[in-house]
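Worksheet: one structure, shown below.
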Amino acid sequence: MTFSDLNFIFRAMPLFLLIYYVFSAKLRPWLLVVASLAFYVVNDWKFVALLVGATIINYGFAKLVEKKKKAALAVIIIFNAGLLSFFKVAGRLKLGIAFPLGLSFYIFKMISYQVDLYREQIKEVSFRNISAYFTMFPQIISGPISRFSYVENNSAWAVVPAEERPSKGQRFQAILAMVEDGLKYFVIGLFMKVMIADHLAVLWSDIKTIGYESISTPLAWLGAYAYSMNLYFDFWGYSLMAAGLGVMLGFPFIENFIQPYAANSVSDFYRRWHATLGSWFRDYIYIPLGGSKKGTGRTIFNLLVVWLITGLWHGMAVNFVLWAMALLVIILVEKFILSKWEKVYKIVGHLNVWVLIPCTWVIFAIHSVRKLGTYGLRLFPVINNGIAVNKNDILYLLPSYWPYLLMGLVLVIPFVQTFYRKHKENILVTLVLFVMFWISIISLANSAGNPFMYLRF
Amino acid sequence: MKIKGYLLIILIVVSAVGLSVCSYIYTPAKYQEYSAGVDKEPVMAPMLKGVTAGVFPWTPVEEAEDSKPEEQQAKDEEKQPEAKIEVVEPKSFTKVEDDYFDDAVFIGDSRMVGLSQYCPEIDSRATFFAKKSLTIYNLQKDAWIDVENGPKETIFDALSKISFSKVYIMVGINEIGRGTNETYHDAYADVINRIREIQPEALIFINSTMHVTKEKSEGDELYNNGNINVRNAALFDLIDYQHVFYLNINDMLDDAEGNLDASLSGDGVHLKGSCYEPWHQYLLFNGVVD
């Protein structure tokens, strides 16, 4: 059950919200833990014991780390990283061990928690709060990777003294306002995922169906952009749904995608793309390694380490390493060469984002190096490797997909987000969101559990 | 309380409740075939699916096939050919050249669309009426043929305007999971009868529904080769080797285990753009010449 499951939207989510807000602020964190474990059981019951076990072990070590015991910190970091590495490697070696749901995301949270605790950025160790933080269902599948302060700032968990407590009516209004605000983010995310990402995924699938050796160069480029948008709206949409759910539960809004395609360089792009992951790598790997403060050679080495881990974290396959190394090269060129010419950098930086980033997503998408080579030559046909290429193929596909491509292009424009933030209380904007919600739901109803329309050939 | 601040919640809750009530009331009469059961999906889901398919609460319910008026049934029976006494020599397949397709029409789903896009030898000669997601049911019911400067028309209207000597059909993959073998057979028979009424001299070639790859077949409860074989076999009694022929194209496209050869397909279901030649060759080796 994911957030874009009708049973989640119309059954699990409203039911949980009702229960959550019927009970007192004190009990809400525990309710979230129970609901999160139930959510995990529904999705991946085999590994719920691992999640619970890792939470308890991390709690135990947190008690030691709180007392500034460096060895305890080292052991728990090695344990957490080892757990993640074990499952990643086991998957790569095809040992028949499945990858636990959300392992990457809760392990990253566990590491950040222990380090922040050691750095005294966390005041107290509370089993209730860390259980809620590690297991919370809005973030368990795909993040965002929030920091512990996210949990500490939950306004619905604040226990207010009786004399300062607002009236029941005021509290009810405050809850409704939070749910309304979160629901809006959720609806926008749902629309992005269902109406843009899922439809553009079909275009990318059509290209695979044709076979990379038989696509024309214009279609290869369309494919690169369609896949880029598919990935962006799938991930951004899901992050918005997760963030919206968080807001509904009283957490602050967490921004995971900060207009990445408006970035002025590839380095800037990755500060805005999956920002919570980028900042995690920065704070817990790059800076502890010395960041950019220890000379050029060391900076290059540190970036190499970060990008190598980023690549392997996304998947233990050659294409992910290639993807990461390609980005590393672009970033190094930007940082050490292009940055010397400010005016050139401004133009080339944007071009890198708009042209090179989609090419790097192609590397990310195609796991076979041979097929990657084929696609690469269709993008840049320096050698004609086409077999049975239909020069008009793009014209066959565009009529079916242009509305989704157009919607994607519109939503990439930073102004749209600025406009929404400025006018999100406006009735017309709310009505548009209402329409977007039902369009998404109708699309979902017709694509899930309906054998007549789910797969259409 | 400012309603404006909670408008989205109110609108969604009210509309969801309203749709659920409507769906609950109308599902038994209108949306039963769209329902997966309340244990699997929210109450409103069948209605949302039905409305997307053009079935509104006020849409009249279609009469079932077996509830045709008696008069019509009698007429249908009259149309049935009498028992044949005369033994007719079956027409046999022979090798033909590409110009054989000059007066041919190809009708089918996305796999036929692929043939039109990646087999220029046929596409440059024949007419294609093919559409992604086409089924034997909507093939005959819907107006889906594009007409320049006009509304879409049905396949039968389109066939009435141009004379063809050969009609190639391939559908079947999208129908799996929908209806029964009998309804599939009957719908196919209806299409063939209508085409024969419109184009009595045309040779009709039923192309077997193409298999899927082993990986796809083993991982899919619905779209697997067992189900495809059952549906293909359901059509055998439509063949008369005089006007209606069966082309088992899987003979040419399968691997040794009877699955679509994985090297020919990128997604397990369709042929890759570069892999339509075996199908083309099969058609060339299986022409029928009077």
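Backbone N, Cα and C atoms are what each Cβ position is placed from, and that goes for glycine too.
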_Stretch carrying transmembrane segment according to TrEMBL (options A:97-115, A:325-343)_ = A:97-115
*Counting Cβ pairs under 8 Å that sit 6 or more residues apart, are there three or more between the transmembrane segment (A:30-59) and the transmembrane segment (A:427-448)?*
no
*When only pairs 6 or more apart in sequence are counted, do the transmembrane segment (A:71-90) and the transmembrane segment (A:6-23) reach 3 or more Cβ pairs under 8 Å?*
no
*asked:* Suppose I define contact as three or more CB-CB distances under 8 A, residues 6 or more apart in sequence; do the transmembrane segment (A:401-420) and the transmembrane segment (A:185-203) meet it?
replied: yes
*Beyond the flanks of the transmembrane segment (A:427-448) by 6 or more, those residues with Cβ under 8 Å of it*: 4-6, 9, 184, 187-188, 190-191, 194-195, 198, 420, 454
_Residue numbers, six or more beyond the limits of the transmembrane segment (A:185-203), whose CB comes under 8 Å of its CB atoms_ = 3-4, 9, 222-223, 226-227, 229-234, 236-245, 247-248, 253, 397, 400-401, 404-405, 407-408, 411, 420, 433, 436-437, 439-440, 443-444, 447
